[in-house]
Amino acid sequence: MSSGNAKIGHPAPNFKATAVMPDGQFKDISLSDYKGKYVVFFFYPLDFTFVCPTEIIAFSDRAEEFKKINCQVIGASVDSHFCHLAWINTPKKQGGLGPMNIPLVSDPKRTIAQDYGVLKADEGISFRGLFIIDDKGILRQITVNDLPVGRSVDETLRLVQAFQFTDKHGEVCPAGWKPGSDTIKPDVQKSKEYFSKQK
């Protein structure tokens, strides 16, 4: 599967953009700054909307879990960094984000969204794209939701853990795999060890 210039198994498109960092400061960051770490890079349509804060807060609240497995979560939308900051400074009870534990990237020229294939051109906003990029900068997973439905932090965390497991051990992860579950040796004979345990 490919999406814009984002192709599974290929280097993820690099970007350089201004982000609002967890300390509330503006900083120019690029994807290459995170080489050596896994990255969950997700797009959302707009600041000050309805589903978006639920997703962003959910990822931010669990940023430490991702950090523990050497993974950085980064959010992005087409809004300006000033708009991001205003939303962060708006209380949660008023639809704001409150303090963030993840950077929020500003993509006002829509070049990053276009590069990653998530730009909804007729509205100039991003679909809910999510990209898992490994520690070598290779794109491993793409999901894109239409605007009305949010994403699962649990599933994203599971996918990062599964890719990290396969990278380290060379075994493959069956459907619904979670850390500690059985994996499959990718060999006709050795795979029977896994399948023989199935009901």
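Note that Cβ sites are derived from N, Cα and C of the backbone, with glycine treated the same way.
Swiss-Prot lists SER2 with the feature N-acetylserine, giving similarity to another entry as the kind of evidence.
Residues or ranges marked as domain 'Thioredoxin' in Swiss-Prot: 6-165.
Under DSSP, LYS7 (N6-acetyllysine) is assigned to a strand (E or B) in the three-state scheme. A sphere of 10 angstroms centred on the C-beta of LYS7 (N6-acetyllysine) encloses 16 other C-beta atoms. Positions annotated as N6-acetyllysine by Swiss-Prot, on the basis of similarity to another entry: LYS7 (among others).
According to Swiss-Prot, the SUMO2 cross-link annotation covers LYS7 (among others).
Secondary structure from DSSP puts LYS16 (N6-acetyllysine) in a beta strand. If you look up Swiss-Prot, you'll see LYS16 (among others) marked as N6-acetyllysine.
The Cβ of LYS27 (N6-acetyllysine) has 13 neighbouring Cβ atoms from other residues within 10 Å, across all protein chains displayed. Annotated N6-acetyllysine per Swiss-Prot: LYS27 (among others), in sequence order, evidence recorded as similarity to another entry.
In sequence order, ASN14, GLY137 are the residues of the chain that are 6 or more apart from SER32 (phosphoserine) and have a CB within less than 8 Å of its CB. According to its DSSP assignment, SER32 (phosphoserine) is helical. Per Swiss-Prot, the feature phosphoserine maps to SER32.
Shown in sequence order, ASP135, LYS136, GLY137 are the residues of the chain, 6+ apart in sequence, with a C-beta less than 8 angstroms from the C-beta of LYS35 (N6-acetyllysine). The annotation N6-acetyllysine is assigned in Swiss-Prot to LYS35 (among others) on the grounds of similarity to another entry.
Per Swiss-Prot, N6-succinyllysine is recorded for LYS35.
The SUMO2 cross-link feature in Swiss-Prot is assigned to LYS120 (among others). Counting only same-chain residues six or more apart in sequence, the Cβ atoms lying under 8 angstroms from the Cβ of LYS120 (SUMO2 cross-link) belong to PRO45, SER126, PHE127, LEU147.
The N6-acetyllysine annotation in Swiss-Prot covers LYS136 (among others) and is backed by similarity to another entry. Its Cβ placed at the centre, LYS136 (N6-acetyllysine) has 12 other Cβ atoms within 10 Å.
Taken from Swiss-Prot, the feature region 'Disordered' covers 176-199. Secondary structure of the region 'Disordered' (176-199) per DSSP (helix as H, G, I; strand as E, B; remaining residues coil): 4 helix, 1 strand, 19 coil.
According to Swiss-Prot, the compositional bias 'Basic and acidic residues' annotation covers 184-199.
Around LYS197 (N6-acetyllysine), taking its Cβ as the centre, 8 other Cβ atoms fall within 10 Å, counting all chains. Taken from Swiss-Prot, the feature N6-acetyllysine covers LYS197 (among others).
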Pairwise Cα distance for LYS27 (N6-acetyllysine)/LYS197 (N6-acetyllysine) [Å, integer]: 51
Intrachain neighbours beyond the region 'Disordered' (176-199), with Cβ under 8 angstroms and 6 or more residues off its ends: 158, 161-162, 165-166, 169-170
Neighbourhood of LYS16 (N6-acetyllysine) by C-beta distance under 8 A, where only residues 6 or more apart in the same chain count: ASP28, ILE29, SER30
Assigned element (helix, strand, coil) containing LYS136 (N6-acetyllysine), judged by DSSP: coil
Pairwise CA distance, LYS7 (N6-acetyllysine) versus LYS197 (N6-acetyllysine), rounded so that it is a whole Å: 35
